[in-house]
Structures are given as structure tokens and as C-alpha cells.
């Protein structure tokens, strides 16, 4: 074997000699709290045996009861759990694997115990530094094995922030390029984490105080006549100086393939920037990275090209400094051309090449099985226990390849070494191979070859199995099929049961077309939608690993035919059970008639006469081209089978049941599922599971073995067997502890597989302790924060669900998650007194309450006043009333009252503001302009400010009472302009139609017109919407009256009114009764005005005398005319009741009315 300070093994021949497949690392650091396991696994034929050396001496494993070797393995296990010290087993270990073909040796494995020593006690004085100076905080962790991982944190276990100015060096020290006042703190703590033992140790906290000398001198100079009490000058800005490394040139050695790390930390003000260059070369970009704010250069997978000079440069605005690091790369021995395995025949020459390199240059030596090369005893290189398989009546060749010096002789034996093989039935070849001319089943068995020379002998065993030949029993048959129909070729074969068959089909001695219409199954070929191109010779070939057989058939395709209507397929017949096994059986049948629709599939059903007699269950489906099915069965079932065929019409009727096949009982194959463990009381554990079905039971006497043990506390399982249940309650358990639980199925034939354990917890109890140190911090008038100390895990007595904060004054509860120790309480009422308690709760319920905490919320802004209304309005004054807010939220300090005018465009005027005392609930505004709209605002105030505002609107009133109607003549026009209207007033307007005698014939409805109170003088009245609307309304009314007058003048005939006028004389002398008010006779020929029409100078229409004005009548909407022009019915005058009603209507509270006729 070729070696280069490494121990290397070269497998010189076939892989039968031992080969190390797995071993522990060369430098193996072990945890002293755990057993020491040194791995050594090897392969070889025969399987190798193992031995160990320690510190170059043979290790006698039997002498130390604490040292064990795993079976069929070389792995050592050293039990140090009984008080043994791991130091006693430190040393250099080496494993050897042996068999008769050779020896393989592992690497030298150095065993060392991991160490995490305690930090030496020391007293660290506070550090006082001047602002701008550099500072180093030394960590100096204890030397551990392996070295610890260093990091700096504060008292709250938060990592200290690092930057270009403050950073941690590779040795763990914390470097400040220049200190600043914000660096002052008392909790600089260096932590060391030892990875093997998973422990963390901390150094005593370091206190750093940074003094700002400039500020301190300036402050004290004011008191001591500008005298600088501190002689030290303030730290000025300076050029960089390296803190690490301290010298100008340093060197570093690294091994090939390892990681190179270089660092430069600089002092300077302002903080210098660090950069890296390589002299006469480039830094490899793919393997290099700049860490720690460019202060560390890291290169992975180092090679010889990485050797050279590296420069780090620190620079700020005051200058720069550089440091040179000379890197050399050494190399442990490594392969240039590793030895490779050779297979050589006897007397054949072979060359094994061994080339290695390293720095310094390694030495090379050769070993064979760990010993110098010498004469070799015989070895059989053929793999042991090879199984040769051959078809009956075929020749068999059994190999026996050997090696030895001198060359060994070979002899063969069968089954035993009682007699050596000889005779004409055997041929012995020079290379040791045994040949049997014609194999028969009697030749099957175990054969042994023995190799001998002067140094010893070696033997090997091989086996011969003679198999039955493969034969096709049902070859494919000649088929004639119509186009677009399906065809199936069957090919059933027989083969040796131990061989795996493969069916291959050919068409005209070529591969089948790549067409999805061709479907190959295990014993058939199906072609769907046959075409003329599918015609030809089809061959099925049944292959095994040893032989094959084949058969062919012709396919002829003919034209289509008119087929009858398809129907359900015929019933399958002749069900037969073959190949009966404990868990499987073969079912065959003969399909019924297709009835003009190809069978798509067969459905196989079964009946279990033992558990569910008369109930048929679906078992499996097979394609319609198959007539056999391999069925998987369950133990302890009385099976009967039946088959149904399916085509496009539907299922056939079920076949007749097969004969009954009973499977033998067996132990369960599976265990119950959904196993869970939970508690319903504080001292119990309820184990539940999903029971097995009768089909899963596999046999009679099904029971469940329920097992449990307390996790990490109990080694032995407690178990109980139950039947016909799916739950078991374990009583007397501790409160809320983890248990491993499992449930195993057992019947009369044995247990099921080993169940896996699940973790469940026993029942919870109410928490036993209340949260402590409850404090309330009032944040504002509606928000407070409550804080508490968490309860201890032991007092939870369950899984902590959270904390409840109960506020007594409003019966309110807030819930917070279990990881919270504080929470906000929103939506509080200002200026209120509250009391709260905090409880912890789990799934069982709440624990005891904390000591009640009383707190008060400060004043807040008040709510809106309870009401705001206008209680009285006059020509030039308005009175408003309001009520205090329902939610005062403090002591009311007064009200803020505002008001402003609103014009016709809803534009707001100047806002006036008044402060009113808190005991006032009304206010009157005087000397206001008439007909002016105002908007008012009212809000309450406390010491915290004003609350929301209520608004109200009102208009000052100009009331002139009942005024006489004013009139203007229209003279037949359809519109009329009213002039002289006053701003802010409302007017009633109507149009009256009069006849030639100035008597009122008809009047329109009254129209209410409002003139805006505040009109901008710049606006043209002709363009205003209200003016255009008014004019349009007047024009429309005039047009209607003109039409009525035209109709009255042009109608002929006489009116009954004339006769009454003649009878009663002059209507001005004799007054008319209200019930008899009618018009006199009128004719178109008279052209006389109506009599008795008179308008008083006051503008009010009166009903004294014979006044017949239409003003006194109601609307004429009910008056109709005959064809001759006479009225139908009479005008109905208004009754006294109507008149009284009209006169009693109050005037508008907003606008005074002037009337026109």
C-alpha cells in the first residue's frame, strides 16, 4: 500500500477484501456528558472482523467492561455514564478490518474531551475615557476545546450594535476606533459559547464612561472665571493608527484547503475606512469576502496561488496607514494520482501507481494489509455465496478465481466435503471454473471450491439453481375484426415461479407503432378503433432473465357492418380460483357476450361470510380486455367472489359466486390510529384511539394493549389490555406532565407491529399563583397600560393560555397572550375611577386574582351638548338654548358659542365667538338685521379642551301682519315684471281675470315668491334663477286666464243669472244671498261688462252688497260648461266656516307677506 504520512489502503484486487466505509473524523472532540462513540464500518466478502489499537498498542476490549463493540461492526461505544471520566479514554485510536482476503486500516483518530472551563474571577474597574480616544475592551475567554464562540451583549441579552467605529476582532476583544458619549454604559458583557457542551459563560460586566472634555471645561469655566480646570486638551481629529496588528509587517501560515482570515483594526478620528489589496496579484473574487465592516478579509479553500503579500490600508481625511501581511501556504499530503484497484489473472503483471504531493514534500512507503510485501497464502477472489441460475438442460459454469504465491490448486465439492467431484458430467477448467454440460434439477445445491498451496488453503461457497423453462400455453389466435372495432390478442405463458417475466409484442417483426390505440397488458394486447393499416402478423415474446418463448397470430381487418342496438353485457361465467396463497389468490372467468358494445372493465366484489354475511363489497377493477385478476387478501376472512362486466350501456348482472376461500388467521398487520393522550381532570390521563375494523383484526380475540410511561422520568412501560373500547383512563397521575403513550393491537395469534409512541399530557389544574407586581400606567384620559410579572411555570399547572385583566367598574375583561407581561386598556371613560385585577388562566380555568389596583383617568374633552335649539326669534334678535353634555368627562369650565351669517349662495360670513360660563344654558343675540340667516355653533369645554360642536340655523323675522293686496294692470301681456320688492321678504302673487265690466271672472292659485335676503350688487337681476322662474310663472298664469276669457266671450246663449237680475233689480241696491249668488243673463250680442263687481280701495275683497268677485269663490276646478256655453252648476261661495278658517291662519314666522291683485 502507498502512503504519505497518511495511512492509505489500496484494494489490489476485486472488492472482496475489506474496505473502510465509515469512520470518525481524525480530530474527534467528544462531549464528557455523553457516551463516546468511535465509528468504524467496513464492507467485504466475507464480512470482516475488527480490532483496535490505542496509542499504537492493541486495545483489549474484553478487559474494560465500559467499552463495547457493536455487533457486525467495528464501532466502539465507551459508557461513561457511571461516573467514568472521559479523560481516561483520550488518545490515538486506529481500527483494522480483517478477512481472509486482506486487512483495511482506518485513519488515526485522536480522541479529546471537550472542555468549557469557567471564567476566572476578576475585579474590573470602571473605564473612564475621553471623547474621541480609542479604546479596547478585552474579553480574554477561558481556553476551551474547541475554542469558544465570542459575542458581546448587554444585561438584556441584546447584541451590542457594531459599526465601522465599534467592532469585535477575531480574538473576541471589542475595539473602539474613537469613543463617543453614547458609548457610555455599564453593561458591556463578553459571552463565550462552547458549542460541544452547549454552555454559555459570561465575563463580569465592564462599565465605560465617556467624558466630553470640551463641554465640561466650558461649563466649569463659567463658574471659575474662564479657568480651564482640566489640563488635558480636548481630543483632536487625527490620522489612522493600527490597533491590530500593532507592528508594520506580520506573517501568517495557512494549510491548503483551509480558511484564511486576516484583520486590520485602526484607531482614528474621524473613523477610518479600511481597504485591502494584494501585492503583485488579485484577491480571488469567488472565494474572498470582506467581513466586519471591511476590517476582515476571509478566503476559503486556500491554495498555493493565495500565498503572497496582502496590504490593508486605513484612511481618513487626515491621512492613511498601511500594514503588510505575508501569507505562506503549506499543504498536508494529498493525492496527485491515487492508487486504483486491479484485477489480475495468475502470472499476469500489474502496475499500481502512487503519486502524492505536499509542502514539505511527503515520504512514500508500501504496505500490503498493513505488512511488508511477502509470499501470500491462497485467497479465493470470487464473491462468496454467489447464486448461479440456469435453465434446465442448459450448461452451467461455476467460477472460482483464486490468488496466491505459489499458485494454488483447485478442487470442487457438492453439498459436503465428503467426496470430490469427478467424472464425465463435469469439466474442470485451468482457471478453476467448474462446468456442468446439461443441468438437471438434481444438480441444484451448494458447491464448494478449495484453493491450496504450501502456505495454507482457502475455500468459497457458491450455489446453483436449475429453473424450469418458459413456455407459452395459450398463444394468440387468428382474428378477423371489423373496422373501427376493438380487438384483443391473448398470450398466456408459464414460467419458473422464481423468475420475473416480461411480455413484449411485435408487429411484422418490428416494434409496435407509437400509437395510444395499442395497449399492452401482462398477458394481452388490445388495439382500439382498428384501421386497415393495423392488419398484419403480431408476435408475443415472453422473456425472463434466463430464457424466452414466442408465438404469433394474424390480424385481418374487414369493412363496417350495420350492427344491432347495444345492450348490457352478458353475465361472466366459470369463475375459478388458482394460485392460492396466504394473502393472495388468482381469479379467472369467462366473459359473457358483449351485446354489440365492447366491455370496458370488470368489477370484482367479495362477500365475507364470517363477519358480514350477505353484504358484497367492491374489491378491485380490471380492464375489459383481461379475464384474470390477482387479488390481495386479508387474514381471517371467508371470501366468496363474483364478477360484473361494464360496457357503455351499463353493468351486467353479477356472476354466480365463486367457491368460498378461507384465509388463515394471523397477528394484526396494523395498530389503531389517531392515538392521543389528554387529561380531563387534574390527576388523570385519558388515552383514546380509533379501533380496528373486523377486517383489520386478522383473527379472533382482538384486544388493545395500552401502554404509557412518564416522559424522561420512567424507563419501564405500564400497560393494560382492554377489548371492545376505544378509551382508557389512567388515574392518579401528576398534574400536567408529559407521557409517552402507545396502543398495540393483539389477537389470539400474536401482537401487531411495534407501535410508535405519541406524547400526551395529563390533566391540568387551576393556576396556583397570581401575577405579581401589577402596576397601572395611565397614558391619557381613555387609555392605560397595565404591567405585571409573569407567573412561574410551576404554578401554571398546565399550558398557559394567557392573562385576563378584569376591570371592575364596567365588568370588562381584556385577554392577553401568554408571552405578554403588559397590555393596553383602551376605551376608558375620562375622569373615572377604576379597579383591576390580573389572573393567569389555562384550559382548566383561571387562577387566583392579583391584589386589586385602583387608578383614576384624568379629565378629557367633553361630549356634545345634549341639545341645541332656537327657542325664540324676533325681528332683530334670536334666543338659543342648550343642555349640558351627557358625557362631561371632567368639570365643565364653560361653553364656546360661535355664529355667522349665511347668504343665498350658502357662503359663510365672518365668524363671531363668545365664551360663556358653564352654568349658562341660553343666550340671546340682539340688534340683528331682519330676514338674515344665521348658523350657530356650541361646544362644551373642560380643562383638557373643547368637545365636539353642535350646530343650528335660524332666520330673523320681519312680520307686518295681514296687509292689503296691491295690484298692477297687465294689459293682456303674458308676463309682467314686479318692481320695488324688498330684500329678504316673501310675497304672495296671484293673477285675476276681469271682464269688460271690470268684474272678476277668475283668479289663479296664489304663488309664494321669496326675494333673497342678501343680494350681491354686482349680480344682474335678469340672470338670476329666482327672477327667471318668477317671470315664467306669471307668464303662464296670464296665458291661462286669457284663454278662459276668450272662451267666455265667444260662447252664445243665455244664462239663468239674467232672470234673477231682472227679478231683484239693481244688484248694487239690493244685496244677494250667499245661497243665491249667480250671474245675470248674458248674451254675446250685449257686449256688456258683468254687474255687481267692485273692489274696495283697501285692497281687501269684501262680500257686502252685491259684490260678485271671483275672489269670494273657491277654485273653479269643478266648474264645467255645456255645449251652448252655459255653466253646469253654480259657483259655490265659501262658507263662514271656511272664511273663519282662512282668517285664523297665522302669518309666516319667517317672511312678512304683501299682497297684490
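Glycine residues also receive a Cβ, built from the backbone N, Cα and C atoms like all the rest.
The domain 'Ig-like' annotation in TrEMBL covers 18-106 (among others).
Annotation source TrEMBL lists domain 'Ig-like' at 117-207 (among others).
Taken together, the residues in the domain 'Ig-like' (240-328) have a mean pLDDT of 92 on the 0 to 100 scale. Positions annotated as domain 'Ig-like' by TrEMBL: 240-328 (among others).
Annotation source TrEMBL lists domain 'Ig-like' at 333-370 (among others).
Residues annotated as domain 'Ig-like' in TrEMBL: 378-465 (among others).
Annotated domain 'Ig-like' per TrEMBL: 469-556 (among others), in sequence order.
According to TrEMBL, the feature domain 'Fibronectin type-III' maps to 571-666 (among others).
Taken from TrEMBL, the feature region 'Disordered' applies to 655-678 (among others). Note on the region 'Disordered' (655-678): residues 571-573, 575-577, 580, 582-583, 585, 587, 589, 607, 609-610, 633-644, 685-692, 696-700, 702, 704, 708, 726, 739, 741-753, 755, 758-761, 763 of its chain, located 6 or more positions outside it, place their CB under 8 angstroms from a CB of the stretch.
According to TrEMBL, the domain 'Fibronectin type-III' annotation covers 668-765 (among others).
The domain 'Fibronectin type-III' feature in TrEMBL is assigned to 770-860 (among others). Broken down with DSSP, the domain 'Fibronectin type-III' (770-860) shows 4 helix, 42 strand, 45 coil.
Annotated domain 'Fibronectin type-III' per TrEMBL: 864-960 (among others), in sequence order.
Annotation source TrEMBL lists transmembrane segment at 1026-1047.
Taken from TrEMBL, the feature region 'Disordered' covers 1056-1157 (among others).
Residues or ranges marked as compositional bias 'Basic and acidic residues' by TrEMBL: 1056-1076 (among others).
Look at TrEMBL and you will find 1134-1144 (among others) tagged as compositional bias 'Basic and acidic residues'.
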Cβ pairs under 8 Å between the domain 'Ig-like' (378-465) and the domain 'Fibronectin type-III' (864-960), at least three:
no
